[in-house]
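First the structure, in the form of structure tokens, and then the observations on it.
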Amino acid sequence: MSLPTDPFLAADHRLVPSAGGRTGAPEDVVVLGRRRLVLARLRRNRAAMAALVVLVLLVVAAVLGPVTYRWITGWGYIGQDRTALLQPPSAEHWFGTTLIGVDVFAQTLRGLQKSLLIGFLAAVISTGLAAVVGAFAGYLGGWVDRGLMWLVDLLLVIPAFLVVAVLGRGLGEAGWPVLTLLIALFAWMITARIVRGTTLSLREREFVLAARFSGVSVPGIVFRHLIPNMSSLLIIDATITVATAIIAESGLSYFGFGVRPPDVSLGSMIAVGTPSAFTSPWLFMFAGGLLVLTTLAVSVLGDGLRDALDPGSTRRAGR
């Protein structure tokens, strides 16, 4: 029976010097977990580690920031200060206020929270759907494969932005959960094709054949043997999809099809503040800066994870 093929799951056998300086003796062979090697590669990537730190700080700010800021200043993302209408940043309102006196800092934290939540949830749903559809299509083949790939091809030619915008507009008060689901439903198809191709190369491997001859069910083979052996691909895809989903949500919210008032996202804040870009730049520049910083951090971290999980990909790309 062969070992798992995914570099994230496999182990690495290294020869290390013995006390006498020799290598190659049986007692000198150390089995290192691939997870440790992946983490070591990731730590050596300074850009990826910086992006990870930035992303962690953004998540902490999104989770704890609104409560902490409200405790310090007393302002939330909905409350209005009628004595400070459209005021620039100050000690009381750190990022200034809107035309109706809403604190921009509180809104920015809420927008960051909402955008990150939509991005992470959409990435999990999209990657999970791609893994399941691609693995079942590749393993079962036949009419199942043809039917699922026909669905993938159909969704690929549908103008996703237009469909999500129309459906999101028509659902009215259904809110951001439906928006998240719609974004995820149009973000999994290409990954599903990649997963299918990987499954086609894995389904005749010894460990899959052994599981099949042992009487393991099709779902058991897919979820216990095939999908775990594609964890590297799925981790990288989920990370990149976070940035894609955040940008998609921001674009939809900018055009009025995303998060609805009184709730806010980074995209809706940019949309509201853009007309006053020259007279009241604080209305959108903080939200815009956070949007750029968030997507950049996620993208750099995704590149770092790709290099750590699959070092050969960088060398192949450079040829």
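Every residue number used here counts from 1 along the chain in the order it is shown.
The backbone N, Cα and C atoms fix where each Cβ goes, and this holds for glycine too.
What TrEMBL says about a protein is an automatic prediction, not a curated fact.
Annotation source TrEMBL lists domain 'ABC transmembrane type-1' at 112-302.
Within the same chain, residues 94, 105-106, 109-110, 112-113, 116-117, 290, 293-294, 296-301, 303-305, 307-308 sit at least 6 positions outside the transmembrane segment (47-72) and bring their C-beta atoms closer than 8 Å to a C-beta of that stretch. The annotation transmembrane segment is assigned in TrEMBL to 47-72 (among others).
Among the features that TrEMBL reports, transmembrane segment is placed at 116-140 (among others).
Annotated transmembrane segment per TrEMBL: 147-168 (among others), in sequence order.
Look at TrEMBL and you will find 174-195 (among others) tagged as transmembrane segment.
Summarising the annotation, TrEMBL assigns transmembrane segment to 207-227 (among others).
Sequence annotations record features per position, and here TrEMBL assigns transmembrane segment to 233-257 (among others).
What TrEMBL lists as transmembrane segment is 278-301 (among others).
Between the transmembrane segment (233-257) and the stretches 116-140, 147-168, 174-195, 207-227, 278-301, the greatest number of Cβ pairs separated by less than 8 Å involves 116-140. For the transmembrane segment (116-140), the partner stretch with the most Cβ pairs below 8 Å, chosen from 147-168, 207-227, 278-301, is 207-227. Under 8 Å from some Cβ of the transmembrane segment (278-301) lie the Cβ atoms of residues 47-48, 50-52, 54-55, 58, 86, 88-89, 95-96, 98, 104-105, 107-108, 111-112, 115-116, 119, 239-240, 242-243, 246-247, 250, 266-267, 269-270, 272, all in the same chain and six or more residues away from its ends.
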